[in-house]
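According to TrEMBL, the protein has these features:
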- 124-550: domain 'Major facilitator superfamily (MFS) profile' (DOMAIN)
- 177-198: transmembrane segment (TRANSMEM)
- 205-224: transmembrane segment (TRANSMEM)
- 236-259: transmembrane segment (TRANSMEM)
- 271-296: transmembrane segment (TRANSMEM)
- 302-323: transmembrane segment (TRANSMEM)
- 438-460: transmembrane segment (TRANSMEM)
- 495-515: transmembrane segment (TRANSMEM)
- 527-546: transmembrane segment (TRANSMEM)
- 609-631: region 'Disordered' (REGION)
- 611-620: compositional bias 'Polar residues' (COMPBIAS)
Amino acid sequence: MAHYPAVARCQQNGHRGNRGTHHDQIPDSLALLNDNDLREDARRFAQKKLGMEGSQAERLVRAAFVARDANILTPVLGVAYNRLAHGEHDPVRFPLQVALEEEELEALMNERDKLFSERDIMKVTVVVCSAAFLQGHVQASFNSSSLYPKELGVYSLSGATDAENIGAQWALGGLNAVPWFAAAILGCTLAPVVNNLFGRKGAIAISASLILVSSIVSGLIPLFEKDYTWIDRWRLLFSIRIINGIGMGIKAVSTPILASETAIRFWRGSFILAWQLWVACGLMAGLLLNLIFAATIKSNDIVVSLMLGSPFIPAVLLLIFIWSCPESPRFYMQLNSKNYNPKKAYEELRKIRGSCELLALKDIYLLHKTIEEEHRMQQDTQRRTWGLFDLFTQTRLRNALISASTVALSQQLCGINVSAFYSGTLFLKSLGSKGNPIVTALGLSFGFGAVNFFCGLPAIKTIDTLVHAAAYAPGLGPIPFTLASESFPQSHREIGCACVISVNLFFAGLLSIFYPRISDVMTPPGSLGLFSGLTLLAWVLVYFLVEETRELSLENLYHVFSEPKGKFAHLKYRRLLYLGRRYLLRDKRAKDPADDEEGSFNLEGFEISAETRQGGTSVDGSRPVSHVDPRAPVELVHRGDRVR
């Protein structure tokens, strides 16, 4: 039976069915293996790497054929096994190598159509949501306690001079900024090392422990530090928040990586979105809890103590949930690493894919081949200083860094985190002194947190079906952590994600320290106007510098970031001119710049022409492909609504 290799990269704008697509997969090295080579390669991997023999090895060979053919795109086969699972393929007219059982067909269908198709993936989801909830709860703690500057030791007493009041504003900003600076500079720097030593689970557990301890100590300071001067209380809180920030930095890097590495690629965006969505939920819940404290307790010291100490509760829950969570299989598949252990990776996949052995075998082999291909493309890479130098010297890594950092910066430019950090202060200044302004300000802040959370829910649906830019607004910024965790290859994922998130957290620190003074000088309406202008700047940066990554496997993002960033930005500029002429000026003769880039780079993705396929070169042009069937039909390539 002839094998039809999918050597043409598919466009990312084709026709959809349900949640999955019939083509959104850049071909990997599997597509270039004929039946005999695939059988031999899979059997060798099973025996040498997984210690399988006999029928076990043959089951992996069987799964390897499913991995190769599941996403092949040709006019004849469609998407082979995935089409078969959906009842759209005729196995009689076009027989496939593997006959699937009914439960295997159902499992293949569910992985595309159901977000939580596997039971144990819920354990990972609970950990991701708990870690994000903790992050939001800590933000609520900082936000609410800022309404009690005297109890924090940063408020000038009555009769203070203007200089003393300005100093108090900077002191409050510094107290709120130090955890973010510590997270960006110390936490994100330590995160790759901690991840390498203890894995994703271990890193999250360590970060939760740091936040747990720092929250308890912070809560005790207003109760037991009554005889010290105010400045001493400020110094103690300042020091403790450094520890808190280190924990938040490690957690902010490790959790999105765990989510992205365990999620099924069709649902990776929705899965990682849980991070930002549950940050918003934690913020909402924390503000509600703090509102109850302020409304029911008369002693300000006790109120502040409870506000500062309450994050220890979600920290304890996170430590409990992480215990039963599976480790990331990709953590054990890092080539040239002491952690490399395909057997453990397969064991973790069996936990995640517990309902169907075929899926676990398919995924471990697919993971092996794609990481192997990724490693081959970067075979000359030297990991210096944890790969930090490579992020600035290699085109693929530099482009990923620019794209992800642009989105991370844009989240801060839009000002949403200023509202998350200082919504109480913002409302307090607007309310004046009528009634109980602190309780009212906390009530309005809770309303803000609720809007943040509930408006993020639609992004679960849209983030994998629309471009990331379109999903950015509903979640008030769900994309930075998504893009940071998925843009980098396995060899540089920890350090790349750490650098991007450090950008996000560092600018969060800058906003925290400067906003009290900005708000005082410009007034709240003026400061909101400032961030409106910065939001427009963020839109421009995202449009020209950020590529699309939807529904591609992590290892297949190499080609998305391989073209020069200047060329991408230039094409986006031409695309903008085209859209203006076509839809504003109604010029039907305007030519889409994507049509000028036949067989190579274009605005939506990449493709390899039929001539390249028939000429016998691989997708990246680096080696001949001796076993490509020249009888293979020319693949359909989608361009928006057009099929060529």
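Including glycine, each Cβ sits where the backbone N, Cα and C put it.
TrEMBL entries are annotated by machine, without manual review.
Just so it is clear, the model here is predicted, and its values are computed rather than measured.
Counting only same-chain residues 6+ beyond the ends of the transmembrane segment (177-198), those with a CB under 8 A from a CB of the stretch are 138, 142, 205-207, 238, 241-254, 257, 331, 337, 339, 386, 494-495, 497-499, 501-506, 508-510, 512-513. The average pLDDT the prediction assigns to the domain 'Major facilitator superfamily (MFS) profile' (124-550) is 82. Beyond its flanks by at least six residues, the transmembrane segment (205-224) meets 131, 134, 138, 141, 151, 187, 194, 198, 233, 236-237, 240-241, 243-244, 246-251, 254, 301-302, 304-306, 308-312, 315-316, 318-319, 322 of its own chain at Cβ-Cβ distances under 8 Å.
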